[in-house]
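As given in TrEMBL:
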- B:GLU162, B:ARG206, B:THR353, B:ARG357: L-aspartate binding site (BINDING)
- B:ARG206, B:ALA207, B:GLU208, B:ARG214, B:HIS215, B:LEU216, B:GLU350, B:GLY398, B:LEU399, B:GLU400, B:ARG401: ATP binding site (BINDING)
- B:129-427: domain 'Aminoacyl-transfer RNA synthetases class-II family profile' (DOMAIN)
- B:184-187: region 'Aspartate' (REGION)
Number of protein chains: 2
Amino acid sequence: MKRMYVEDVKGFKEDEVLLKGWVHKITEFKDFGFVQLRDKTGIIQLVVCKDELKGLRLEMTIEAVGTKVENKKAIGGIEIKVKSIKILGKTYYDMLPIPVNEYKNSAHLETELDYRYISLRAPRVNAVFKVQEEITTAFRNYLKENHFSEIYTPKIIASGTEGGSELFTVNYFDHRAFLAQSPQFYKQMMVGAGFEKVFEIGHAYRAELHNTWRHLNEYVSLDAEMGFIKDENDIMDLEEGFINYLFSHLKKTCKKELEMYDVDLADEVKIPRIPLAEAHKILLDKYGKRSPVGNIDAEGEVLISKYVKETYDTDFVFLTEYPIAKRPMYTMPDGKGNTRSFDLIFKGLEITTGGQRINDYEMLRENIKKFGFNPDDYGFYLESFRYGMPPHGGFAIGLERITIKILNLQNVREASTFPRDMKRIEP
Amino acid sequence: MKRMYVEDVKGFKEDEVLLKGWVHKITEFKDFGFVQLRDKTGIIQLVVCKDELKGLRLEMTIEAVGTKVENKKAIGGIEIKVKSIKILGKTYYDMLPIPVNEYKNSAHLETELDYRYISLRAPRVNAVFKVQEEITTAFRNYLKENHFSEIYTPKIIASGTEGGSELFTVNYFDHRAFLAQSPQFYKQMMVGAGFEKVFEIGHAYRAELHNTWRHLNEYVSLDAEMGFIKDENDIMDLEEGFINYLFSHLKKTCKKELEMYDVDLADEVKIPRIPLAEAHKILLDKYGKRSPVGNIDAEGEVLISKYVKETYDTDFVFLTEYPIAKRPMYTMPDGKGNTRSFDLIFKGLEITTGGQRINDYEMLRENIKKFGFNPDDYGFYLESFRYGMPPHGGFAIGLERITIKILNLQNVREASTFPRDMKRIEP
């Protein structure tokens, strides 16, 4: 007999089924018991006789053969009258360190992360990663439909000249190397190398000394880079298109999971584009909030999101026209003292930095100098601009960040299978 | 006017088109010239007047507006009579360091890799990565159709106890960490955590002191792990199914690229499963080749491939029943002194190691001791087996290795965008 998934039981023609999964819950009565069997696709109730019940413990893996019986009180209206149960994976514990079958996890997040191989089993936690997988699927499908190629670029790099956050060092044979904080240089070079439009879904590393709800030191970055653009608006159009595609995709593929988190995604997302200076003015006039020069802080992100929610009924806002000094040296200036770059804020959290990049060799070389750096330090990256680089730009989305904002979670660690931060490197 | 890709020109209804791309080739005549424009999708001939030709150099990026004209001598039977050309990305070179428009790359591989941002532009090189992208697509689609979930697991890990190859160390804040040589422990834990069937496409790191045609220190690993199996044959069935799916997928999606490399993929792949001891005997009897104890060396891989090609007309062979001492401590023993593990050899190169894993806590603990290790060193990994781990197994395929074997390339570096080896960490 072939193993069947729980979600397929109801529609199955035969009465007898073979199921495999974990013992989710046990309820004992005088002569028999209920065992909830949980597999990858759902939970179903088994009716088990006293004898078979004896050896069972929560979270064991079992296989059960039985016949379908209708029971309106059971989950899904169906239960399985079990003929035989076989234990496939034994348990060795006195007490489960955290409960799996509670609707809400009562454990502290740190405890959940300590026992990640158990907490991930809880349907509510598992659902986060189902949604996350569909976010990456939507990203990939959307970009492929738009002529993008998926690429894999190195994470071990020779120098850390992109600027910005701190880098982790790697002992690479005889010399010191670094972990890439983003595929920025490489995705640009791939555009120039004839791939034109590329994306990468891969790890990025930031040795930042921040241990907050929104920082991870290893995270998954959804990176896109696109050649032959007119300006940064093409990139914002691309990302806005993605957000709409994503929401529509999630509604189709994650109905159950979105309901679990009581999430109602918009049917259409139109994202206002507000120049940073204007945003500063709004924050000051409306909320008395002063912003740091050329940027917006965490409080500002929350307030500007409040503003666009009230004004445009949207959870998203592009902040544009960041000043030159506040952006990396490869950012395209707009000729008015600012850059052709943007951030995307989603429900009070920055999830994207993007923009148009400089594509002319001489201009890039001069800009590097203007920033006080030495062009020689940019070796092959700068060299690659000698050979006909098209106008281009791109963006990156932090996967854990967009996941928690979609599901209204509180901490990026909830959206990382095995998060890495300043204090955590296990499990 | 909207930009059009070269591949769409022929079927386009209007006569006037806007194209963007690189200057692939220039041929000057007395009054006019031909410019081959290369974009992501192909090459097309532009007919350009003397004046417009003047500023053009090889590999510049341009946009051209013109009208379609039939010309049987041109590539694809069509050329574009150009009205206007605009330079989008200038060049700054005296001489191209390596040619892009030659059919065969005349440059040495090391030179190609030094100038990767140029060599990748050559259609013949670009094709390798088109095929590689479709290999990952096939892997993903095949597994998703079989109820697998895509996962992302950490590459920064706390301890290097998996055994086997050497590890790179990372300076992680106050302590020493490592780069994961495979997602082995994590993919197993994800199976146990209720995901049942998982796969990951991600980087793996090996600090091996080998600088050969088949070694990379950073490579892309196609990892799969599957719960609720009967034994290792389920895993080999899964991989054999993938190879067949892959070949069929590549024939559909990479016709042009396979032709470029003169590759004819089999319609059906049946992979013989030969116990290692039997393979040793075949090698000795047929080729006078002695093998190392409990393994097969590079020469043996080539000879056993020759044998299965001649005997079964196949490029693949599973070697099975490796002895316990030659496999990692988590490998399931078969009760006869060997393990439920296998290697997959493809055209003389090992591309996969796989097998069934131990899923019982006590058995794993005892096996760790038998191997002379301390169970305490396996911390959370061993702990995760206390909570009902299903019978499971998996395999991993080296992406660069399978790519070069499919296309009959000579060196794994040819199938890595920016390879990392003992001597190379740039570009």
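Glycine is treated like the rest: Cβ placed from N, Cα and C.
Distribution of TrEMBL features across the structure.
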{"residue": "B:HIS215", "record": "ATP binding site", "Cβ contacts under 8 Å, 6 or more apart": "B:ARG206, B:GLU208, B:VAL412, B:ASP421"}
{"residue": "B:GLU350", "record": "ATP binding site", "Cβ contacts under 8 Å, 6 or more apart": "B:GLU301, B:ASP343, B:LEU344, B:ARG401"}
{"residue": "B:THR353", "record": "L-aspartate binding site", "Cβ contacts under 8 Å, 6 or more apart": "B:SER341, B:PHE342, B:ASP343, B:PHE395, B:ALA396"}
{"residue": "B:ARG357", "record": "L-aspartate binding site", "Cβ contacts under 8 Å, 6 or more apart": "B:GLN188, B:TYR330, B:THR331, B:MET332, B:HIS392, B:GLY393, B:GLY394"}
{"residue": "B:LEU399", "record": "ATP binding site", "Cβ contacts under 8 Å, 6 or more apart": "B:GLN132, B:ILE135, B:THR136, B:ILE201, B:TYR219, B:VAL220, B:SER221, B:LEU222, B:ALA415"}
_Let me check the 10 A CB neighbour count of B:GLU208 (ATP binding site). How many other CB atoms are there?_
16
*What are the helix, strand and coil residue counts for the region 'Aspartate' (B:184-187) according to DSSP?*
4 helix, 0 strand, 0 coil
*asked:* Can you tell me how many other Cβ atoms are located within 10 Å of the Cβ belonging to B:ARG206 (L-aspartate binding site)?
replied: 19
_Restricting to the region 'Aspartate' (B:184-187), what is the model's mean pLDDT?_
97
*What's the longest C-alpha separation between any two of B:ARG206, B:ALA207, B:GLU208, B:ARG214, B:HIS215, B:LEU216, B:GLU350, B:GLY398, B:LEU399, B:GLU400, B:ARG401, the listed ATP-binding residues, in angstrom?*
19
*Measure the Cβ-based neighbour count of B:ARG401 (ATP binding site), defined as the other Cβ atoms within 10 Å of its Cβ.*
21
